[in-house]
């Protein structure tokens, strides 16, 4: 990002903060809301349409069920928000659902939640970008005609931006999110004014179309109930991202939990208002959506055909309220697309963060555990982007088909998290004696129990209604993550067991002496430095070792050795096949066989270079030798580096890399108890 | 190979020789001949045809020039053989053309020869395999219909065989080569008997075809001369591989030079006899070859069309002499194909060997210098096979088009080598006083001068007549090799200059004390071993260092440290961002700043694992830390390995790898002065 938007960003936000001032960057609520709400609010862009789509299977007449489904979604939203307000208060550390499930329900539940969340991050990217492209496409037809390609390009751009290290900025999030909210509210308000006050007739672009329903006569009984449940499941897409705030409590200003809980409530309120408003306006303007528009949407008596692109409901409503192609219409389409891309970007921050937490618990390679580590971050980003791109290509950037996969993971983590919270309160109630506190706990437990019940019910509904529509893909993904992480953890556990220092014999047989060997090929500076360093170590014996691959060169080395008056004996091993590794290994092994209690210390002068291809030209023999020596017991290998002039390049690169800012630091907040970057030291 | 042909090979050759008995495997002449002659003899399979092809441009009547061209080739062959007999006597070390040019004409000439030889090896593979496929295809039409694919498959098979480590065997070479020689001589003899004695009329399959010549009226003057020169250039393909023996002198039994020189003479004689025999029989049986058979070959008044495959001249003659599809015909086709594949295989041995010689002279990465080193060998094989495969695909395995590229490189090295020999004799004549020796030298100089003149002339002819037909590709390839090798050498020279220990100040400012740091994360076995080893080294100060990324874990470590009664002080650095590298680097830098003359020694416990994916799960932080520490001056880094149980796997793999036999060792012969594998040791 620095290069792309450096100047506007600087103008807008002032100089980028160094991370040692992170402690000062706590978020006020008005900034925290857009930072965390871009994901849940953006789902208003697709969730209402999905409800209508599913209902259309039973014909347009089934649309009149949509307000009832909206009511059900609103009730669920309030339930989930109320539940997470309890989470936020009980777990202000930002561990989120994974921490709650892990602490209260055990490792398996925690890992299940983690797998669900990882799958969810991938889907957030795929769904948000596909939907964003569709919204953008409602204003610019070219985009929707090349949907998959555009979506992949946007994924690549987001990936590059994040790999370069775009520092997340609260204010940068605020503008598009507020634009989107203002746009949608403006649309709803203007729609209500035009419809109810001015009495205008507003007609969506698809108002005159008809739907060739699979069940034109309408459905009854079980089939109808099933369809309504499926529509409800789709509507639940509006709830995705609600849990984000529970990961971000540490980023809030004090009182952190209270502010986070209130932000959650405000976010829920805005989300349901927008959701209901869009659905009602869609009904009022006669929007027609079909699951398979090519065959089921009838335009002037003919099926729409494969050339027809179905615009998202929000853009159809905007066209009806503001007029197609007008300035407010384009503004809203742009704001919608932007907020959806921001929602995708949150997954780019969340995925590596969750990865680092899982690495701390040894479910992922340990080196990923550094918070904001560039390499760990890059690996996470690439995995996320790759998986999302595959989904986008396979599902042709069709948000409707991708959403079928989406909601499973969300509700798995909702449900397990809420069950965990019930356990949490049970445990605390067992020890708490203060009646006021007990009353609050009882109340919280009731809320979480209800939340667990509702989200669990929805999970079952989603699984039943969506399994064959694509939910199985998510489950497979979760299973894959779960399996890999379990295997990694098992490996680490086995190694830890192998390494535990519980063998008393181990400590008794101590090595007695060190025999040091300095590998020498010429009497140049690196060799002299290695000799000087080795001499400082005062091992019991010290000798220089050279492998004679060329009699002349060896003779010259011997001559130079004598001339320079080096007081370390030079041992020469002949190697007719010009091998280096084998003679050294054999020599070391013989030393060890002769004196089994001795340790051999091998000093290898190493060149430090700055360019990758220089690396190919140096150190390869040393590296190979080192690799083989590691398998020889009782040996330690010391690299004595010599920095060539070109290594300055690499040093500069490394410095630049160290100054890299991990994206997403704003939403994570400063670390508890850490006063910025200052490291306190304690000697023992 | 062990797996593929282990049993038949064992039955045929007895138990494979361990390389420590290499000294006993010197080649008698009857085995040396086939080992070195498969390449030059196999060119009889394509060279005569190429002569006819080119002549056909001026119509069938031009074929009567072919005996004269054959005579010119024979004269050239004797000249080259006579010249190389001098090389073999003067340079019995096996360095070949590269050594001769490098020693006598300087580095640039040497490098030019090396580049030419490298290009030539690639072309030997491409041409031999393409021609082999064509010969095989004369018996099995399916093969010639899928020429490119079959050729690539054979390249892949040869590559895999050589990568696995097929031990070259003289006897294995002998059988197909002798079969081929016997087959061709049998064919010539039987042809002469049938034609001259029995008076049979032998008709080649293409005898009744006509040629629609570009210049049906025949050519005159300059144009004819040019065409004849071009035909001669193509015929010179028969000379490729003659220089092979000069690389192989050390493999001969004593008297090495004499035996090699005589083998060379025998080989030359066999080659020219076969070459002339095939051309004469081709004329006698009315073989018709055209450069573009699809349009220029007229069958029953119609052009042959793109579906027509022109069989090699040797198989057409065999069909005429023995009858198409008869047993001797199939036998000869198989023997020809086999000897051509053997010829390709010699390039697989020669290319890495030349690479190791160039690496010794620092034109290629130094690690390639080990003779028969598996990794170096593999890299060479893969480069060779990749380049050959590209050529085969680009030129559609068409040996005629590939031969246009072939001869340039051969004659570049012939010419430079002969010029070098002239210089060699001049130099020796300047100091030699013995008249007998002087006379022999004068004689040799005359031969080499004539050789240089002839090969130089041919080089000019080849360049002029073939440049636009494809020779420019070879020149480009040579230029590329030359450029890369020059750049590598320059880099090594610059580094050597930078490292030369000629700075007197350098030696005066000596480091005074060592401050040792053992990196610790837990009190498990690897840590305890690292501590024990570090203590043995008796540095001036010793402390253990841990990075606190988790307060609880650190507290536990501190507790265990005290309980275990470890007498090394434990220093704890806080790292709120869970970084490992940065705090360590900063700490080390501070130590260095406080005591600039001190050296810091960092001990890192390292896990040794057996599977590549385990490597991903361990040591990554250590590796990264090590990488960064190398850029910090005044630091040495010691790895204290701990072999995990799984490392046993890797040790077994390494042992297997060490027992690998480099292909081509037979033709290289044992190393001078090396009594097998036994390494003598000399202490100083």
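Just so it is clear, glycine is given a Cβ too, placed from its N, Cα and C backbone atoms.
Because the structure is a prediction, the values reported are computed rather than measured.
Record features, source TrEMBL:
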REGION    B:655-684  region 'Disordered'
TRANSMEM  B:65-84  transmembrane segment
TRANSMEM  B:111-133  transmembrane segment
TRANSMEM  B:139-160  transmembrane segment
TRANSMEM  B:172-193  transmembrane segment
TRANSMEM  B:222-242  transmembrane segment
TRANSMEM  B:263-284  transmembrane segment
TRANSMEM  B:329-354  transmembrane segment
TRANSMEM  B:375-397  transmembrane segment
TRANSMEM  B:403-425  transmembrane segment
TRANSMEM  B:446-464  transmembrane segment
TRANSMEM  B:470-488  transmembrane segment
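Sequence-distant neighbours of the transmembrane segment (B:65-84) (same chain, 6+ residues past either end, Cβ-Cβ under 8 Å): 47-48, 51-52, 55, 228, 231-232, 235-236, 238-239, 242-243, 245-246, 264-265, 267-268, 271-272, 275-276, 279-280, 282-283, 414, 418, 421, 447-448, 450-452, 454-455, 458. Through the fold, the transmembrane segment (B:222-242) approaches residues 37, 39-40, 42-44, 46-48, 50-51, 53-55, 57-58, 62, 65-66, 68-70, 72-73, 76-77, 80-81, 84, 120, 124, 127, 215, 264, 267-268, 271-272, 275, 343, 346, 403, 406-407, 410-411, 414, 458, 461-462, 464-466 of its own chain, all at least 6 residues removed from its boundaries and within a Cβ separation under 8 Å.
The transmembrane segment (B:111-133) shares the most Cβ pairs under 8 Å with B:470-488, out of the stretches B:172-193, B:446-464, B:470-488. Taking pairs at least six residues apart, the transmembrane segment (B:263-284) and the transmembrane segment (B:329-354) share fewer than three Cβ pairs below 8 Å and do not count as touching.
By the count of Cβ pairs under 8 Å, the stretch nearest in packing to the transmembrane segment (B:470-488) among B:139-160, B:329-354, B:403-425 is B:403-425.
Listed stretches B:329-354, B:403-425, B:446-464 were compared with the transmembrane segment (B:375-397); the greatest number of C-beta pairs under 8 angstroms is found for B:329-354. Tallying C-beta pairs under 8 angstroms between the transmembrane segment (B:446-464) and each of B:139-160, B:172-193, B:329-354, B:403-425 places B:403-425 first.
Across the candidate stretches B:139-160, B:172-193, B:403-425, the maximum count of CB pairs under 8 A to the transmembrane segment (B:329-354) is reached by B:172-193.
Within its own chain, the transmembrane segment (B:139-160) has Cβ neighbours under 8 Å at 125, 129-130, 132-133, 309, 315, 325, 329-330, 333-334, 341, 344-345, 348, 381-382, 385, 388-389, 392-393, 396-398, counting only residues six or more beyond its boundaries.
Tertiary neighbourhood of the transmembrane segment (B:172-193): same-chain residues 9, 12-13, 30-31, 33-35, 37-38, 41-42, 44, 202, 270, 273-274, 277-278, 281, 284-285, 314, 317-318, 320-322, 328, 331-332, 335-336, 338-339, 342, selected by CB-CB distance under 8 Å and a gap of 6+ residues from either end.
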